[in-house]
Amino acid sequence: MDIGIFIPIGNNGWLISSNAPQYLPTFELNKQIVQKAEGYGFDFALSMIKLRGFGGKTQFWEHNLESFTLMAGLAAVTSKIQLFATVATLTIPPAIAARMASTIDSISNGRFGINLVTGWQKPEYEQMGLWPGDEFFHTRYEYLAEYAQVLRDLWATGSSDFKGEHFSMQDCRVSPRPQADMKLICAGQSEAGMAFSAQYADYNFCFGKGVNTPTAFAPTAQKLIEANEKTGRNVTSCVLFMIIADDTDEAARARWEHIKEGADEEAIAWLSDKGSADKSAGSNLRQMADPTSAVNINMGTLVGSWANVARMLDEVASVPGTQGVMLTFDDFVKGVEDFGQKIQPLMNSRRHIAQLKEVV
């Protein structure tokens, strides 16, 4: 099973709590995290894009780096790990994104790919006059399909004459083209999102669900398998989980409860309010805003001892259609080190990493 890391491009990572570590995102922090992850055999690192935060006393996600330029910098200081930047497709034309990606492909020697997002947080785009109207919630995957097709055309042939409802290319050129196959990923969970991923993406990211319920995402993975049957492609799932691990289950649980006690209710209320605007069934935003565990945006959470977290991650690997997991931590630097030294060696699904190190 592949292991990736969802790096903290925004302040405080993925915890909306005053009891969690409080920090600003910097290149140096993310370089340290990704270089450590590469050293422990992580397969990929992904950075999101966020253009406006949730406010509250923690100013959650009010401070963010930019995804492509961050990953370009990380490409220059790594050598093996696959890197993915996120493009907010309402802000950057596909031909420009294609050229930016080709540039980072050159920097990374073929280790780069793109995560495509349509834009779920309306205020991010309204502030720049780029929000196309609330009907976009219902048409965004048609828009994204055209965007992806232009990318594929330019990377495959160096030119595009695509004509669609949203984009019109006229002998548009991109050169040099990427030296490696450029992977596209998406995070579709609705029926429309799954259909898009099955047609255009190489991987589909989905949220884990609940606390210590590592296979609860299985119905989502199954929906992607069914969507693949309609396209004849084999797009696999990567699942997002937060790891809260310690020497004992009790110590890990105490840390998790402490984080929840410090929840920034003002920021969480803002997220919930914006989530209500997206009426799409199964939308990511509605899951993120669910009050059940909004303190970490309702991503799946694995809380326990090193051995129990390793066991639960192996259970994730057992779900049909699962390519890998993408991890977040309360403390990223320590979390990556603890994972590499104390969790990964106990995982059956990562035995190949230990065997590789023995060979080296």
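A Cβ is built for glycine as well, from the same backbone N, Cα and C atoms used for every other residue.
Automatic prediction, not curation, is the source of TrEMBL annotations.
Features as listed in TrEMBL:
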type    : residues                                             : note
DOMAIN  : 1-319                                                : domain 'Luciferase-like'
BINDING : ILE49, LYS50, ASN115, GLU124, ARG140, TYR141, SER190 : FMN binding site
> Across all chains shown, how many C-beta atoms besides its own are within 10 angstroms of the C-beta of ASN115 (FMN binding site)?
Replying inline: 21
>> If you count, for each of the binding-site residues ILE49, LYS50, GLU124, ARG140, TYR141, the other Cβ atoms lying within 10 Å of its Cβ, which residue has the minimum?
In response: GLU124
>> Suppose you look only at the domain 'Luciferase-like' (1-319); what would the mean pLDDT be?
In response: 95
